[in-house]
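Peer 1: What follows is a structure written as structure tokens; I'll ask about it next.
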Amino acid sequence: MNENLFSSFITPTMMGLPIVTLIIMFPSMLFPSTNRLVNNRLVAIQQWIIHLTSKQMMAIHNQTGQKWSLMLMSLILFIGSTNLLGLLPHSFTPTTQLSMNLGMAIPLWAGTVALGFRHKTKASLAHFLPQGTPIPLIPMLIIIETISLFIQPMALAVRLTANITAGHLLIHLIGGATLALMDISTMTALVTFIILILLTILEFAVALIQAYVFTLLVSLYLHDNT
């Protein structure tokens, strides 16, 4: 069991070639578009949830920030669907890879910062030095604020990676323990199996919550810079 503990986090390959690109593109097939005047229940519920989430997330933004609504909604749908698909047996979750999460976080963070320096130059520079700071503390505060600014994308990526990876590891460990206890104690195995079911339900919630948290933090960074 210990040998295969991290096997689900290895990038899958086919004939020696990585197929992670195909896996990343697959969730987009779960959100079909329709030209019908009256949609079925599934599409109607999907559009209602998207509209509700978009309305709640973009309510704090001005006209400049609202231009990012399509990208932010695409981001939350991609991360949420990828996390959910990763809970299927024998599947691969791209969001457990720190490199991929950094690849999403760094461009989005850099875009919001660049937007802030373009439209709110004075306010963006003022964040590095709070008003009323004593002169001897000015160099130290500028260094601290600069580090805190550059650590934001790392915090985004590490938070998503850690939460998704920890959940998958717990499911793997408790599932292995359940199989091992079946030959020792049926009652104990039943208890661990119930815990496994509850943990799986929790992971479904975590998959959606982490997608929302990641997108919400990007939205807040955007709000601070527009």
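Cβ coordinates are placed from backbone N, Cα and C, and glycine is handled just like the others.
TrEMBL does not curate its annotations; it predicts them automatically.
Straight out of TrEMBL:
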- 6-31: transmembrane segment (TRANSMEM)
- 68-92: transmembrane segment (TRANSMEM)
- 98-117: transmembrane segment (TRANSMEM)
- 137-158: transmembrane segment (TRANSMEM)
- 164-182: transmembrane segment (TRANSMEM)
- 189-222: transmembrane segment (TRANSMEM)
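On this model, are these features tucked inside or out on the surface, and what's nearby?
Peer 2: Note on the transmembrane segment (98-117): residues 64, 75, 79, 123-125, 149, 152-154, 156-158, 160-161, 214, 218, 221-222, 224-226 of its chain, located 6 or more positions outside it, place their CB under 8 angstroms from a CB of the stretch.
Remote same-chain partners of the transmembrane segment (164-182), defined as residues 6 or more beyond its termini with a Cβ less than 8 Å from a stretch Cβ, comprise 1, 5, 8-9, 83, 86, 93, 95-96, 188-189, 192-193, 195-196, 199-200, 202-203, 206-207, 210.
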Peer 1: In the same chain, who gets a Cβ under 8 Å from the transmembrane segment (189-222) while lying at least 6 residues past its ends?
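Peer 2: Distant Cβ neighbours of the transmembrane segment (189-222) are 53, 57-58, 60-61, 65, 68, 72, 75-76, 79-80, 83-84, 86-87, 95, 104-105, 108-109, 112-113, 115, 152, 156, 159-160, 163-164, 167-168, 170-171, 174-175, 177-178, 181-182.
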